[in-house]
Amino acid sequence: MAVATTAVEGVPSRGAPGEVIHLNVGGKRFSTSRQTLTWIPDSFFSSLLSGRISTLKDETGAIFIDRDPTVFAPILNFLRTKELDPRGVHGSSLLHEAQFYGLTPLVRRLQVREELDRSSCGNVLFNGYLPPPVFPVKRRNRHSLVGPQQIGGRPAPVRRSNTMPPNLGNAGLLGRMLDERAPPSPSGQPEEPGMVRLVCGHHNWIAVAYTHFLVCYRLKEASGWQLAFSSPRLDWPIERLALAARVLGGAPGEHDKMVAAATGSEILLWALQAQGGGSEIGVFHLGVPVEALFFVGNQLIATSHTGRIGVWNAVTKHWQVQEVQPITSYDAAGSFLLLGCSNGSIYYVDVQKFPLRMKDNDLLVSELYRDPAEDGVTALSVYLTPKTSDSGNWIEIAYGTSSGVVRVIVQHPETVGSGPQLFQTFSVHRSPVTKIMLSEKHLISVCADNNHVRTWSVTRFRGMISTQPGSTPLASFKILALESVDGLGGCSAGNDIGPYGERDDQQVFIQKVVPNASQLFVRLSSTGQRVCSVRSVDGSPTTAFTVLECEGSRRLGSRPRRYLLTGQANGSLAMWDLTTAMDGLGQTPAGGLTEEELMDQLEQCELSPLASSRGSFPSPSPRTSLTSLHSASSNTSLYGPRGSPSPPQAEARRRGAGSFVDRCQELARGAPELRWPPTPAPRPSTSLGNPLTALKKTLNETSF
């Protein structure tokens, strides 16, 4: 039984250095000497044994410390030997305990150890960083001014927003936005105005949505990413974002670069200019909350689970809304739009024919296929095989149902009239299928059981899926991603795990385990193998992410690049080179020092704050200003009484030992000292605690 005692009743404040001290740390007993525990001044143990901290003793008289004994063992070993042996204890746990006990030398050594894997410049995959933009000011009136709303001399097809001002660009201050708390979103959750909510990319453009406005960046080969558009401030949080940066085969003069944002049932659409800037096209109403917003070519599509679909056609400038069955999934390929519904039907829309076949406000939505069990179609993926003849593509559709069944249906171009035929069925999930992807080489399905993933290898003959030998099971794994219950950690639409990537290439999942995580894991969608992990360079939580397939340079031999875009809670945006990560998959990195090797090197010196030893001298860099080195090999200074090198060093320098580069670097390290204002140089001390100082030597052309 532990008994509390005062400093008088407990361990005496003064005792012999060789006195044996018995400790009970978390139920495990340790015995050591007073000298071992108190050689570091102002530590937890020196305060404990001097009576400044009241003690708690167990039934045997041992001092009880309610800490982890497993972590305490390497700490006690360090106090005994001044050498660090982690003994399997994680570095962060060891650092936390060392800070608790106030063991400054050990804390500094562990902090240097952590610097091996941390850098404000990221790792080799870090490709760029965009700071938070200037936020638009809050408007004081709700009436917009008349702007350039005429398109080709005709009035705009829809009303202008009376709740939006003209494009303010970069007007306003960041502080004004952050000082004003945002109103609650339609979901009732609080909003953080400064964090990135959504990120999307298309070709060489990026759209980033904050709570009440969005910005667009354009990649230029010579100057990198440049801010191209900033929207006015909106009254409600942005919940959906879509970007179309290039429309193939578009008619001259039509909008080929557009960005759209949805909030509630309203959709706002802007046209972007290649040279920068943009203009509002209009505001469209779906009538029900928008749950999916995307472009198919130059057609803007909005859907809701209620069964309502809205389409804005860039040619006719017409907004059309139509009711179908409750929509539970969708996918698009080419000009085909497929809608999966709760009644088991898959509806087909050819958006390319909208201007030609629009009749009586009918979008010509036709039923393509109905599930044999009439289960709800909860996930859809369509794959168009390369054209092998003039007849067209072989259409392959994979879909998942609410009962966990995965089916593959195919339609040959020559049998379009007969409809798709059921090709394969997999009953491997016991929860509803939430995602599915049919690519050139793999079939991937994800169910609602903590993102359980099943994958198959797809066999093809002349580009078409084949039954010989058929699809074979490949992998089973989970992409665990916890969601926040209080709305923090970002918008759920901005934290989609994927899979990301072109269907004829390797695809990846992006895993964010906890809502406020600053680290993301990139994994192959086919096997679950880790490709890489990235951590925010500024330590802020990651609130949104996506993968961008970016066009290659015009230079000879260049190829498209794949980037991971991460939006942070502080409003910044970071970019990571996934192409390099994929190229290096499976290669063992040839790194520098290991943690064990670094600890061995640090045992030869002591670490102390540089500011305390250099006075008011400026530090060369934030990183190197943390610590300075002290000799620990002997009790005498490396420099003699007059500041001259020790005999071995003087002899080596007299003989010109070392390479030319080594001598240049040595002199360069001492050169900055010569530029400081002349001050009386203190006499070097022979104590252990003084840092090494550079030689005060006059340089001339023969110094090398």
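Including glycine, each Cβ sits where the backbone N, Cα and C put it.
Features as listed in Swiss-Prot:
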MOD_RES   Ala2  N-acetylalanine
MOD_RES   Thr163  phosphothreonine
MOD_RES   Ser644  phosphoserine
MOD_RES   Ser646  phosphoserine
MOD_RES   Thr693  phosphothreonine
REGION    146-165  region 'Disordered'
REGION    609-704  region 'Disordered'
REPEAT    283-322  repeat 'WD 2'
REPEAT    324-359  repeat 'WD 3'
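Within the same chain, residues 292, 294, 296-297, 299, 301, 303-309, 311, 313, 315-316, 318, 365-371, 373-384, 393, 395, 397, 399, 401-402 sit at least 6 positions outside the repeat 'WD 3' (324-359) and bring their C-beta atoms closer than 8 Å to a C-beta of that stretch. Across the repeat 'WD 2' (283-322), DSSP assigns 0 helix, 24 strand, 16 coil. DSSP states for the repeat 'WD 3' (324-359), grouped as helix (H, G, I), strand (E, B) and coil, give 7 helix, 20 strand, 9 coil.
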